[in-house]
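This structure is in structure tokens; I'll ask about it shortly.
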Amino acid sequence: MPSSPCAPEEVRRVACVGAGVIGGGWVAHFLARGYDVTAWDPAPDAEEKLRRLVAAAWPALEQIGLADGASPDRLTVAATLAEAVADAQFVQESAPEKLELKRSLLAQLDAAAPPGVVIASSTSGYPMTDMQTEAADPGRLVVGHPFNPPYLIPLVEVVGGKQTDAAAVEWASRFYKVAGKSVITMERELPGFIANRLQEALWREALHMVANGEATVKEIDDSITEGPGLRWAFMGPCLTFALAGGDGGMGHMLDHFGPSLKSPWTRLEAPELDDTLRAAMVDGCDEAAGSRTIAQLVAERDQGVIDVLRATGRLPRQRTEGTDGIAHTPSTMGDEK
Ligand SMILES: NC(=O)C1=CN([C@@H]2O[C@H](COP(=O)(O)OP(=O)(O)OC[C@H]3O[C@@H](n4cnc5c(N)ncnc54)[C@H](O)[C@@H]3O)[C@@H](O)[C@H]2O)C=CC1
Ligand SMILES: C[N+](C)(C)CC(=O)CC(=O)[O-]
């Protein structure tokens, strides 16, 4: 790959190729961050749909804050793929999830984009190694996997393929950060990356339960929104479970509940909970906790759950002054008879 034509901080023009749910979401995000965006999509009604999507997203984007000069007017819809990427400084591909289509489209984008410009694919799970096979310069092709909607959910998973230059992965990771995203740069390829592997495990189990008549769709959704989902918005599953071990943290949690890994709680096979895995989990949680004690983490989690309950309307927002002079939020939880 020739060296990238500009630093991530200097990017002004972004091309988005494929403008459906995710491509359109990317367009809204980049516009809100103050970029000039050129989009291309072969569907005859693509421009109308795209402009509608951006208009619908804009109030939310205004609420969270626009970059100086950000405007939907800075969107251009190109007539051809070549025109869309001709002077792009970064390209985001969001075409349908079909391997052959991605292979050929990434090769076309590579042929049309200026030399050295990084091209990222929004793929939900294909390893870049499998998609970069037809490109003349596969070194500049990376995965930049977003979450729906890309203009509100911060995470992007960035990873290269076997032929991707490390510099392109580094450039893309920096660019996404500059563009306001939260980035996980993966050291190696994994089908489904990290978050979709986790989501998929939950999803498959949910489908098994529905297929076998073991749980309804509502029970499955409620089990997450009324349960673990409240914690996951601000504390990941590992640190959350460390608190299930009380003062003993993750070590005690694994010693206590490790045997249930072998219970038939899921159709997935359980990994062997050997010393290496135990140490990796305990050390990882210690690292994530940093200087925070278990007691501090418990307080942080409790406040987080209260904030999420309040933000989602399940706790009233108004506060009352108690006799102790402390502002209390009256709870209606558990009041339903
Ligand atoms: N929908 C989701 O929640 C997420 C999807 N993704 C990924 O984003 C990509 C796009 O998915 P969606 O936006 O959901 O699909 P979509 O079906 O909403 O949009 C795909 C768009 O690509 C266009 N298209 C068709 N052929 C094309 C071509 N040859 N070149 C360029 N554009 C073409 C279609 O006209 C359509 O507008 C996929 O790789 C998907 O795995 C990633 C994260 C989340
Ligand atoms: C359903 N999906 C696999 C396309 C979802 C994603 O890839 C990420 C998301 O938005 O959850």
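Cβ from N, Cα, C; glycine included.
Pulled these features from TrEMBL for this protein:
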- 14-186: domain '3-hydroxyacyl-CoA dehydrogenase NAD binding' (DOMAIN)
- Gly18, Ala19, Gly20, Val21, Ile22, Gly23: NAD(+) binding site (BINDING)
- 192-260: domain '3-hydroxyacyl-CoA dehydrogenase C-terminal' (DOMAIN)
- 314-337: region 'Disordered' (REGION)
Would you mind ranking the binding-site residues Gly20, Gly23 by how many other Cβ atoms sit within 10 Å of each Cβ and giving me the lowest?
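Per-residue Cβ counts within 10 Å for the binding-site residues Gly20, Gly23 bottom out at Gly20.
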Measure from the Cβ of Ile22 (NAD(+) binding site) and count the other Cβ atoms within 10 Å, all protein chains considered.
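Looking across every protein chain shown, the total is 24.
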Please list, for the domain '3-hydroxyacyl-CoA dehydrogenase C-terminal' (192-260), how many residues fall into helix, strand and coil according to DSSP.
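Taking the domain '3-hydroxyacyl-CoA dehydrogenase C-terminal' (192-260) as a whole: 55 helix, 0 strand, 14 coil.
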Which is it, of Gly18, Ala19, Val21: the one of these binding-site residues whose Cβ has the most other Cβ atoms within 10 Å?
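When each Cβ's neighbours within 10 Å are tallied, Ala19 leads.
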Give the three-state DSSP assignment (helix, strand or coil) for Gly20 (NAD(+) binding site).
coil
